[in-house]
Amino acid sequence: MCTRDAAARQLEEWSKNNQDKVGYARNSAGVAIVNPATSLTIGKHGLIPLRDWQLVERLGHFHRERIPERIVHAKGAGAFGEFICTRDLSKYTSSKVFQLSNKTPIAVRFSTVAGNMGSADTVRDPRGFAIKFYTEEGIWDLVGNNTPIFFMKDPILFPMFIHSQKRNPVTNLRDWDAFWDYLSLTPMSVHQVMILFSDRGIPDGFRHQHGFGSHTFSLINGDRKLTWCKFIYKTNQGIKNLDPATAEKLAGSDPDYAARDLYNAIAEAGEKSKSYPSWTMYVQLMTPEQAKKSKFDPFDITKVWPHGEFPLIEVGKFVLNSNPTNYFSQIEQLAFSPNNLTPGIGDSPDRLLQGRMFSYQDAHRYRLGANFQQLPVNRPPNGVANFDRDGVMCIFSQQGAPNYYPNSFGGPNADPEAATWTPPPQHFDGYENYYPEYYEEDNFSQPRVFWERVLNEGAKKSLVENLANSIKCANRSIQKRAVEVFTKVSEDLGTKLRKKLNQNDRIVHL
Ligand code: NDP
Ligand code: HEM
């Protein structure tokens, strides 16, 4: 990519602002470096002695520059900004984030899902859209996507689903048989698949897409009253998508297209007084009584809450106004955990959310180490007072406070206020068992509405084309099964898809 945009001029900018301030080179112990680009040698053409500590340190650090990439969502970009609350939600939540006019600093990371760290930004894939709120009550992580729903409703399926989307362990290539085999065998994924293969499946960069917390969460007010809640963030830049041909071209000519666009949009907004990228935040609310009477399972992440019944309520806006100053320390080391919920915001019986509440912190401990929460970008602004100590890269002391509880030395105690914002006692009933029939609950009625009511003729045509262009790469029996699933959504969709696939000369007839 050969332009002189803000991203390309980063070094020039740094030079302009810093050249006069830069001191002499010093090593990581702060000691002056004699010659940054020459090894110590015994004679002009001689050997390098081990005491060339500068060389040893340079190579030693270099060997450790890479850490494991995220098992999913490895390729991404991020930025910083703030969330401003525009509607007081104290009727529903005690969270300070939702007190009128409160401003909360945030970090956002966007990502693709299946590709490795160096993969192209312009592929058809959901986009991760994760927000870290640095609240005065601790870290709240809203780890969402650009789609309101997901491929599955049971966390035990996640590793299997991801295996089918990532590289085949023999060929080390993406495998279209595995991709469509898994999806066509799990009809609960069809809603998400239809959104993914619609025009919105390849957003134009990260700025022109909506975001969704996707799960059902709970809001808890000062009287411990609970309301179920969905979080939605709509782009103020307008929806813009890439057509598949342009996306494919960009994957070759500018694989970092979305990251570049985000960096430039923020840098140039600062420079040229253009607007910073921003999103308007909404909630949908459902009382526990409504949930009990609901025709669909409100905790099933493969389903949306229809807007007609549960209207969007505008609650705030967030703006991204600052690029990272070091990608690795501030974005690669960002660690989002769906279990990071602050007072007034809680989880729900959404099974997938329950699974995610374990998964992420475990992944961070592997990827970043036991003390990942001590990294500046993950640290809560209100401090930590707990009983965990030590471990790799432990940075903070807790000022000599006891590391056990109970103790008789005045160590930190439970906050008496906590009783006012913890969720009310919840009653769960039922027999412990495996319930695979849950997977079959009403997988088609919402996708049918999407096909029949939401998509216009043009959008239907692209969905069929996009599906056919991908399904045609799988073997014939998988193609057949996939068509059968889409036919259960709608005869019309199934017929159009079959017809499109039959136009492809690789196959005889479905
Ligand atoms: P509405 O007509 O009120 O909403 C339809 C929604 O679909 C709008 O939010 C619209 O977004 C969004 N949309 C339009 N095209 C696409 C696309 N290609 N991919 C993803 N979303 C798209 O209907 P209901 O709330 O009754 O929902 C009907 C169906 O719409 C659902 O079954 C679901 O498939 C889909 N949908 C529903 C959402 C929800 O939370 N209720 C959210 C997204 C999709 P926009 O406003 O930007 O045009
Ligand atoms: C990243 C697991 C479902 C959004 C990750 C990571 C894991 C994971 C292990 C990597 C974490 C890291 O190393 O930093 C799971 C499991 C799921 C699930 C087990 C289902 C049971 C979802 C859903 C969404 C989602 C439903 C969105 C609604 C994300 C995002 C990231 C991510 C945005 C990247 C966060 C970042 O930018 O660092 N997921 N995931 N995931 N996941 Fe999930």
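Every residue, even glycine, has its Cβ placed from backbone N, Cα and C.
Under the heading active site, TrEMBL lists HIS73, ASN145. TrEMBL lists TYR360 with the feature heme binding site. Annotated domain 'Catalase core' per TrEMBL: 26-413, in sequence order.
Over all protein chains present, the Cβ of HIS73 (active site) has 22 other Cβ atoms lying within 10 Å.
Neighbour counts of Cβ atoms within 10 Å were taken for the recorded positions ASN145, TYR360; the minimum is at TYR360. Here the Cα atom of the residue listed as 'heme binding site' is found 15 Å from that of ASN145 (active site). The average pLDDT the prediction assigns to the domain 'Catalase core' (26-413) is 97.
Taking only the Cα positions, the spacing between ASN145 (active site) and HIS73 (active site) is 11 angstrom.
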